[in-house]
Amino acid sequence: MGKISSAAVEEEEEEESPLVTNDDEHHQAIISTASLSAAVSSSSSSEEEDPISQQKQLQQQQGDLVHRTGTRWTAVAHIITAVIGAGVLSLAWAVAQLGWIAGPLSMMAFAGITYVSATILCDCYRYPDPEVGPRRFRSFLDAVHHYLGERSQKAGGVLVQANLFGTAIAYTITSATSIRAIRESNCYHKEGHQAPCNSYGDGYNMLAFGVVQVVMSQIPDFHNMEWLSILAAIMSFAYAVIGFGLGFAKVIENGEIKGSMTGVPAANTADKIWLAFQAIGDIAFAYPYSLILLEIQDTLKSPPAENKTMKKASVTAIFITTFFYLACGCFGYAAFGVATPGNLLSGFGFYEPYWLIDFANACVLLHLVGAYQMYAQPVFAYGEAWFTSKFPDSNLVNKHYNLSLPSSKHVTLTALRLCFRTAYVAVSTGIAMSFPYFNQILGVLGGLNFWPLSIYFPVEMYLVQRRIGAWTKEWVLLRAFSLGCLIVSILALMGSIQGLFSAKFG
């Protein structure tokens, strides 16, 4: 366990080749907003002081002609856009389970863990030197392959694909609850707060969302979806601000701060512990951004060195995100106490103003329509590329169909695209309908992905990049950090799975 991988050392003397693989193209889709800030063009380099000029000359010799224009503040914007999403809606419930002491402390602890993870991952962008090394890694899996080898890259790829698929399930559930919330909000407004408006089911809402995604999934590739990712980012910020504002207004209206130091009481001690673990899983789902960090860093200009800029951007973004999370989580719990809903905007702690609740949930819905595709398109690209490589002569691959649209445009379809993408949406929708439990699903995803993708791989790559020997002080600290996060992830996963089966089977 203490040995340094030889994968990086063996490749140190190799001539750099373009590191754009199918996996890069697939996983860059997770943050298409980051790619908007980097303009690609040919540029001549000016005279610089060593070692910067030597670095640029070497990069040009190796064909690295990308003109990067990103700054600390564009990186901050990309991080916040990628991190703040549907996970923020569960944080009030998470604080309610943990109480006024453990709830805020848990969010701040995850902020610190995320910062450490981001800091060590920033130094893995270049090799062999983290500041002026000529070799860049433009995606997470690219770096894993170089530092840890092909086997680790394949394991990481499986985890990434599972994360993308799980997120599609979570977004299907969230979209259905938002549709139901809009219907209930209008019902309560018309019929009164005591009216039986909670009889709307989520099954048909999920089916409707699935039908929309089947149509959206026929978009040929992610490069045709830039407008969708921008819309999704605006919507996510809008509903997060509204959730915070409604919670704050409710506290003012109540004239008191509800809640307790130990959180919502449970039937017994065991249930309380399971709920606390599940809440930790929900928080773990909301924070990390390791999968997209290197892609954001690849948009930054230098000098100064990209890792220095990215570390500053991470500090700023994590501070802003944590403030936002604490505001939404704590004001939500302060407003509703033991009645804090699992989803702040659709659990109906709010009745009025109904139009604002409708607007917030419409923002959630619009965000998830786009976000679903942001997470699904990499899976589509990967699956279709695999099938094409295995069956290059199949009619599913080679036969094309032109679908005419009313706008005089047409979409080119293949049987493979139509069948595979429709099946993917159908399976994710079916699982969501079988397990329509918002908080539990988020907890499972948080517990399952937090340690391997946000802690283990960054720590292992950093040990190789820095050539840290076994049993040195830094080695022991990093191993202890990784082990502690592994224990937290296991507990969160156990609590969330228990909550999932308890909700399903009683």
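Cβ from N, Cα, C; glycine included.
Feature annotation from TrEMBL assigns compositional bias 'Low complexity' to 29-45 (among others).
Sequence annotations record features per position, and here TrEMBL assigns compositional bias 'Low complexity' to 52-62 (among others).
Positions annotated as domain 'Amino acid transporter transmembrane' by TrEMBL: 69-501.
Marked as region 'Disordered' by TrEMBL: 1-64.
The transmembrane segment feature in TrEMBL is assigned to 75-96 (among others). Beyond the transmembrane segment (75-96), the same-chain residues lying 6 or more positions past its ends with a Cβ under 8 Å from any Cβ of the stretch are 30-31, 33-34, 37, 103-104, 106-107, 170-171, 174, 233, 236-237, 239-240, 243, 247, 259, 263-264, 279-280, 282-283, 285-287, 289, 292-293, 296-297, 299-300, 309-310, 313-314, 316-318, 320-321, 324-325, 328-333, 336-338, 340-347, 364, 367-368, 371, 438-439, 442.
Residues 8, 12, 134-137, 143, 146-147, 283-284, 286-290, 293-294, 297-298, 306-307, 310-311, 314-315, 318-319, 321-322, 326, 454-455, 458-459, 461-462, 465-466, 478, 481, 485 of the same chain, all 6+ positions outside the transmembrane segment (108-128), place their C-beta atoms under 8 angstroms from a C-beta of that stretch. The transmembrane segment annotation in TrEMBL covers 108-128 (among others).
Using a Cβ-Cβ cut-off under 8 Å and counting only residues 6 or more beyond its ends in the same chain, the transmembrane segment (227-252) has close neighbours at 32-33, 36, 80-81, 84-86, 88-89, 92, 324, 327-328, 331-332, 334-336, 344-345, 349-350, 356-357, 359-361, 363-364, 366-371, 373-374. The transmembrane segment annotation in TrEMBL covers 227-252 (among others).
Under the heading transmembrane segment, TrEMBL lists 272-294 (among others). Outside the transmembrane segment (272-294) by six or more residues, the chain places 27, 30-31, 34, 78-79, 82-83, 87-88, 90-91, 93-95, 97-98, 102-103, 106-107, 110-111, 113-114, 117-118, 121-122, 124-125, 137-140, 142-143, 160, 163, 263-266, 310, 314, 321, 325, 439-440, 442-447, 449-450, 453-454, 457-458, 488-489, 491-496, 498-499, 502 with a CB less than 8 A from a CB of the stretch.
Residues annotated as transmembrane segment in TrEMBL: 315-334 (among others). Long-range neighbours of the transmembrane segment (315-334) within the same chain, counting only residues 6 or more positions beyond its ends whose Cβ lies under 8 Å from a Cβ of the stretch, are 72, 75-76, 79-80, 83-84, 88, 91-96, 100, 103-104, 107-108, 111, 114-115, 118, 240, 243-244, 247-248, 250-251, 257-259, 286-287, 340, 344, 349.
Residues or ranges marked as transmembrane segment by TrEMBL: 354-372 (among others).
Look at TrEMBL and you will find 418-438 (among others) tagged as transmembrane segment.
Proximity of distant same-chain residues to the transmembrane segment (444-464), defined by a Cβ-Cβ separation under 8 Å and at least 6 residues beyond the stretch ends, is recorded for 4-5, 7-8, 113-114, 117, 120-121, 123-124, 140, 143-144, 147-148, 152, 156, 159-160, 162-163, 166-167, 170, 280-286, 288, 290-291, 475, 478-479, 481-482, 485-486, 488-497, 500. Feature annotation from TrEMBL assigns transmembrane segment to 444-464 (among others).
Among the features that TrEMBL reports, transmembrane segment is placed at 476-501 (among others).
Among residues of the same chain six or more beyond the transmembrane segment (476-501), those with a C-beta under 8 A of the stretch's C-beta atoms are 1, 113, 116, 120, 273-281, 284, 435, 437, 439-444, 446-448, 450-451, 454-456, 459, 462-463, 468. Outside the transmembrane segment (418-438) by six or more residues, the chain places 89-90, 165, 168-170, 172-174, 176-177, 202-203, 206-207, 209-210, 213-214, 217-218, 342-343, 376, 379-380, 383-384, 387, 396, 499-500, 503-504 with a CB less than 8 A from a CB of the stretch.
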